[in-house]
Amino acid sequence: MELISLFKQYLTVERQYSEKTVTAYLEDIDAFQKFLTDTGDKTDLLLVDRFDVNVYMSYLFDRHLARTSISRKVSALRSFYRFLVKNDLVDKNPFELVQLKKQSDKLPHFFYEKEMNMLFEAVYQAEGAQKLRNIAILEVLYGTGMRVSECAALQWSDIDFSMQTILVLGKGNKERYVPFGRYAKEALQNYRKNEWEPFLSKYKQTHNFVFINHYAKPITTTGIEYILNQVITASSLNGKIHPHMLRHSFATALLNNGADLRTVQELLGHSSLSTTQIYTHVTKEKLQESYRKYFPRSTDA
């Protein structure tokens, strides 16, 4: 559909959204159009009104979707109709007035130090043709707090080994510098010399991307998530675990060891300090330690 193609071009060129974000937006619009087709005779997105939106919202809530999923769908459709209004294709945005009740922010899940040690033990003891790559990925993600998507886009020219800093291209093409430590430095240099260069030579690749798949082509975000899930499985950690927890763990470790909120905001690449404030929680151990230390009736008789 020409309308969707124009919106895709707008998201990609003007908004400079990532391919993953653009795909998610288009999928949400497609799902809405399918809903309209399945539930009535209205198939033209230009004719949608508030009644259609209300019916769709009821449908989403009836499916017991997570509030974050519903919010994402509404955001995509609101952006789509703003684009249509901007280009005089519709008069009003039917999603403009949709408001979801604010949900209290959930504390981010993170790995405790003991759990991180289990992850590193698992990846260092593993076998495989690209073991060094996997080690470097874990060291870089935990050592810098960068997003998985940022890690996938990393190029060697972004890394300054002498200053031990990485130039990260974040959301909205915003650049930031993040430092990295000795473990990440050694892992990257070892990987480059003993895996990356031989792989590129073997498969006759000439790009500059740091992390590669088994054909020496730039790895995808999905590829990194798969590797991390394999490491998590090998570590025998239980519970609901997601690779993004490495980023949460990085922020938590900094704050628990005395870093100020502004510094953590800069390192994570958050545009707003309020986004970073969710990390001001402390670990249970820290909470108990402070309680025992400062509350007069905390000790046993």
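FYI, residue positions are counted from 1 along the chain as it appears here.
From the backbone N, Cα and C atoms, a Cβ is placed for every residue, glycine too.
The feature domain 'Core-binding (CB)' is assigned by Swiss-Prot to 1-85. Taken from Swiss-Prot, the feature domain 'Tyr recombinase' covers 106-292, and the record attributes it to sequence analysis. Sequence annotations record features per position, and here Swiss-Prot assigns active site to Arg147, Lys171, His244, Arg247, His270. Among the features that Swiss-Prot reports, active site, O-(3'-phospho-DNA)-tyrosine intermediate is placed at Tyr279.
The C-beta environment of His270 (active site), restricted to residues of the same chain at least 6 apart in sequence and closer than 8 Å, consists of Thr276. Residue counts for the domain 'Core-binding (CB)' (1-85) under DSSP, helix first, then strand, then coil, are 69 helix, 0 strand, 16 coil.
In this structure, Tyr279 (active site, O-(3'-phospho-DNA)-tyrosine intermediate) is part of a helix by DSSP. The local packing around Arg247 (active site), expressed as other Cβ atoms within 10 Å of its Cβ over all shown chains, amounts to 22.
The Cβ of Tyr279 (active site, O-(3'-phospho-DNA)-tyrosine intermediate) lies under 8 Å from the Cβ of Pro108, His248, Ala251, Thr252, Leu255, Leu261, Val264, each on the same chain and at least six residues away in sequence.
Between the active-site residues Arg147, Lys171, the minimum number of other C-beta atoms within 10 Å of a residue's C-beta occurs at Lys171.
Here His244 (active site) comes close to Arg147, Val148: these same-chain residues lie at least six apart in sequence, with C-beta atoms under 8 angstroms from its C-beta. Of the recorded residues, Lys171 (active site) and Arg247 (active site) place their C-alpha atoms 15 Å from one another.
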